[in-house]
Amino acid sequence: MSFTPGKQSSSRASSGNRAGNGILKWADQSDQSSNFQTRGRRAQPKQTATSQPAGGNVVPYYSWFSGITQFQKGKEFQFAEGQGVPIAPGIPATEAKGYWYRHNRRSFKTADGNQRQLLPRWYFYYLGTGPHAKAQYGTNIDGVFWVANKQADVNTPADVVDRDPSSDEAIPTRFPPGTVLPQGYYIEGSGRSVPNSRSTSRASSRASSAGSRNRSNSGTRTPTSGVTSDMADQIASLVLAKLGKDATKPQQVTKQTAKEVRQKILNKPRQKRSPNKQCTVQQCFGKRGPNQNFGGAEMLKLGTSDPQFPILAELAPTAGAFFFGSRLELAKVQNLSGNFDEPQKDVYELRYNGAIRFDSTLPGFETIMKVLNENLNAYQQQDDGTNMSPKPQRQRGQQKGGENEDVSVAAPKSRVQQNKSRELTAEDISLVKQMDDPLTEDNSEM
């Protein structure tokens with residue numbers, strides 16, 4: 001008796017002929033039924049594991065379940081023993097055995113002209129079906145991860161028919177309670193396991209266009225089973241509209257908002273503060289010195305907003321490494337905060353001493369070393385306001401360029417201010433004599 005996922009057990013005997021391509025055919029099933037929906041178009045040959053292009057844009061065979069897509073690089077696809085078989089109505093626990101097959105998807109060209117490879121997607125096939133139908137359970141095959149229920153016999157193939165995409169839709173992948181999903185992966189919720197298949201893509205495009213016409217004509221919304229790519233933006237726009245904010249206008253940071261952000265950061269405990277443009281490093285933790293010796297001029301202004309900070313954050317220890325990998329010491333200190341008339345609180349310091357070890361194999365090692373060398377003890381070379389020592393003031397009357405020190409800095413405005421003597425000309429002497437002559441009365445008659 002063959003089992004069909006999502007349906008009750010079939011009453012037909014399992015004496016059907018299994019073709020070489022892995023599709024189960026009954027004695028009364030003709031080959032013409034497969035071309036029923038071609039509408040005069042030439043039938044496309046079925047892709048197999050051997051004929052799959054190197055780009056990986058064709059999924060060989062059809063899985064009964066939706067795929068699991070990787071979204072973080074470097075994460076291994078694995079399940080614990082006894083886990084990893086999807087739930088399917090009509091499939092007993094004794095037939096819950098098979099493998100996950102890695103489908104390497106195609107690459108695409110980005111806007112800047114570079115090629116970007118999509119992360120792989122995994123599909124489940126029951127034991128004895130799919131691209132590795134003849135492989136024994138547990139065989140070491142690249143891109144294959146074997147899973148089985150504890151009640152299943154892995155020495156015999158699963159008595160499950162292959163999926164016919166023309167009559168059976170893929171089942172959304174679900175697991176029993178307690179199953180731990182691989183980290184860095186998510187389950188596809190579209191309900192299709194062959195997104196690049198021509199038949200399913202045409203059917204989905206026709207269905208989506210018909211659905212859009214129906215929605216436009218009726219004015220009602222039809223719920224969809226998939227998650228659209230712009231759903232996050234739509235939700236954000238609805239939230240902003242509810243709050244009375246326009247999502248299209250850029251948010252401007254005013255002095256009032258910057259002050260509120262700074263005060264919000266300063267209200268946190270010292271070890272929970274994250275300096276940024278609105279609340280600088282000096283405002284959060286004080287001036288640089290021997291005990292706080294990290295940060296160049298640019299990083300002190302931007303804080304964690306500095307473009308170089310994320311790569312440094314990779315070196316930061318976790319909470320577990322901080323407590324279990326450091327030397328800790330608890331000390332009671334004097335409370336210098338608060339007024340004298342307020343009740344004094346007991347203040348303690350949890351002092352720590354540890355080290356962060358890394359080597360040249362760390363990704364971005366050269367950049368990390370460059371940033372560390374630029375910011376460690378940078379306060380000793382700084383001449384701006386972040387330096388511990390004030391900027392030396394120039395002495396009064398002193399100029400740059402090695403000029404005479406007795407020369408005034410400001411140029412005199414007139415010869416009177418210069419207070420310098422000069423020789424009298426003949427005209428000046430004549431005027432002086434006229435001023436010295438006594439006044440004589442003029443008795444001439446008019």
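Including glycine, each Cβ sits where the backbone N, Cα and C put it.
A quick note: this is a predicted structure, and the numbers were derived from the prediction, not measured.
Here's what Swiss-Prot has on this protein:
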REGION    1-54  region 'Disordered'
COMPBIAS  9-22  compositional bias 'Low complexity'
COMPBIAS  29-38  compositional bias 'Polar residues'
COMPBIAS  45-54  compositional bias 'Polar residues'
REGION    52-193  region 'RNA-binding'
DOMAIN    60-189  domain 'CoV N NTD'
BINDING   ARG105, ARG121, ARG163  RNA binding site
REGION    157-230  region 'Disordered'
MOD_RES   SER166  phosphoserine
MOD_RES   THR173  phosphothreonine
MOD_RES   SER190  phosphoserine
COMPBIAS  195-226  compositional bias 'Low complexity'
DOMAIN    258-383  domain 'CoV N CTD'
REGION    265-290  region 'Disordered'
REGION    265-384  region 'Dimerization'
COMPBIAS  265-275  compositional bias 'Basic residues'
REGION    381-446  region 'Disordered'
MOD_RES   SER389  phosphoserine
MOD_RES   SER421  phosphoserine
MOD_RES   THR425  phosphothreonine
Just name the winner among SER166, THR173, THR425 (the modified residues) by count of other CB atoms within 10 A of its CB.
THR173
Give the distance between the Cα atoms of THR173 (phosphothreonine) and ARG121 (RNA binding site), rounded to the nearest whole Å.
13
Of all the Cα pairs drawn from ARG105, ARG121, ARG163, the residues the record ties to RNA, which distance is largest, in Å?
21
Quick one: Cα separation, SER166 (phosphoserine) versus ARG105 (RNA binding site), in Å?
23
Consider the binding-site residues ARG105, ARG121, ARG163 and say which one has the Cα lying nearest the Cα of THR425 (phosphothreonine).
ARG105
Looking only at the domain 'CoV N CTD' (258-383), how are its residues distributed among DSSP helix, strand and coil?
51 helix, 16 strand, 59 coil
Between ARG121, ARG163, which of the binding-site residues has its C-beta surrounded by the fewest other C-beta atoms within 10 Å?
ARG121
If you average per-residue pLDDT over the domain 'CoV N NTD' (60-189), what number do you get?
88
Across all the protein chains here, work out how many other Cβ atoms are within 10 Å of the Cβ of ARG105 (RNA binding site).
20
